[in-house]
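Before any comments, here is the structure.
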Amino acid sequence: MGQNDLMGTAEDFADQVRRRRLAAVVHGTWWAQVLGPVLYPSLASSPPGHTVTCPSGLQRQEQRFLRVTKQYLPHVARLCLISTFLEDGVRMWFQWGEQRDYIDSTWGCGYLLASSFVFLNLLGQLTGCILVLSRNFVQYACFGLFGIIALQTIAYSILWDLKFLMRNLALGGGLLLLLAESRSEGKSMFAGVPTMRESSPKQYMQLGGRVLLVLMFMTLLHFDASFFSILQNIVGTALMILVAIGFKTKLAALTLVVWLFAINVYFNAFWTIPVYKPMHDFLKYDFFQTMSVIGGLLLVVALGPGGVSMDEKKKEW
């Protein structure tokens with residue numbers, strides 16, 4: 001080995017040391033990308049796509065959270081998502097007579113059709129929940145639960161109540177994300193087979209799911225002049241936009257999960273209302289429907305925003 005070879009090897013080693021020292025000293029700060037190429041010109045000659053990544057403090061906390069919860073976060077998300085269907089199915093069982101009489105008196109459809117409606121809701125929701133939790137025939141379960149949402153929207157005249165309609169649409173957005181997740185699991189069975197770049201309906205399901213989920217937060221906006229309401233509206237609207245367009249999606253969705261859960265526990269505390277009062281059932285229904293939207297947001301945190309998002313496009317820039 002000649003002298004030039006030795007000098008080249010020494011320079012390579014010194015360059016590696018400088019790279020590691022730079023990463024150790026300024027990793028995680030915004031000025032790493034500015035000072036790195038200035039202090040160490042060899043960094044500037046790195047090929048495209050190999051720039052120094054400098055996540056912020058919040059991003060590092062998000063990444064740490066995802067690493068810790070990676071194994072069980074999707075399971076928690078699915079449980080939260082189907083919670084409203086599970087609660088409603090059980091309620092159909094214990095309130096069979098009341099539900100049947102309500103449908104009969106509202107639509108004048110008779111005892112038989114009203115009973116069939118209650119039975120279909122009970123069977124469809126409980127069966128769909130079991131299939132989702134057991135990870136069997138998830139796509140069929142999602143389609144069945146979509147049908148339950150549409151049926152209840154018509155039967156309970158939710159179509160004419162904007163607030164409840166938007167919440168039902170948000171619930172449908174969560175099911176879209178669950179359907180997208182089931183499609184990704186099906187593809188993972190052929191992980192060794194080369195595939196084309198993702199342009200399948202899955203990414204559009206994720207986009208539709210994200211957009212529909214933010215409808216829940218539009219029902220929480222308060223149009224009054226108090227400082228807290230104005231601050232809540234501004235922050236909530238900003239986070240909704242971030243989730244909808246898919247920018248900083250996981251961090252925004254996780255923030256919305258915390259915010260929505262706190263609001264849900266505070267405003268929908270059905271356990272503080274006696275069971276015999278109608279408000280108990282109303283708050284209970286609202287609580288579990290909100291938990292389902294939280295489950296959809298947790299799926300966004302676990303799976304990411306999908307191909308149609310700014311986060312994904314940033315990787316191509």
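Glycine is no exception: its Cβ is also placed from the backbone N, Cα and C atoms.
Noted in TrEMBL for the protein shown:
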type     : residues : note
TRANSMEM : 21-40    : transmembrane segment
TRANSMEM : 111-133  : transmembrane segment
TRANSMEM : 140-159  : transmembrane segment
TRANSMEM : 227-247  : transmembrane segment
TRANSMEM : 254-275  : transmembrane segment
TRANSMEM : 287-308  : transmembrane segment
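Distant neighbours of the transmembrane segment (254-275): 62, 65, 216-217, 220, 235-236, 239-240, 243, 281-284, 286-287, 290-291, 293-294, 297-298, 301; these residues of the same chain sit at least 6 beyond its ends, with a Cβ under 8 Å from one of its Cβ atoms. Under 8 Å from some Cβ of the transmembrane segment (111-133) lie the Cβ atoms of residues 78-79, 81-82, 85-86, 88-90, 92-93, 96, 99-101, 103-104, 140-142, 144-145, 147-148, 151-152, 155, 178, all in the same chain and six or more residues away from its ends.
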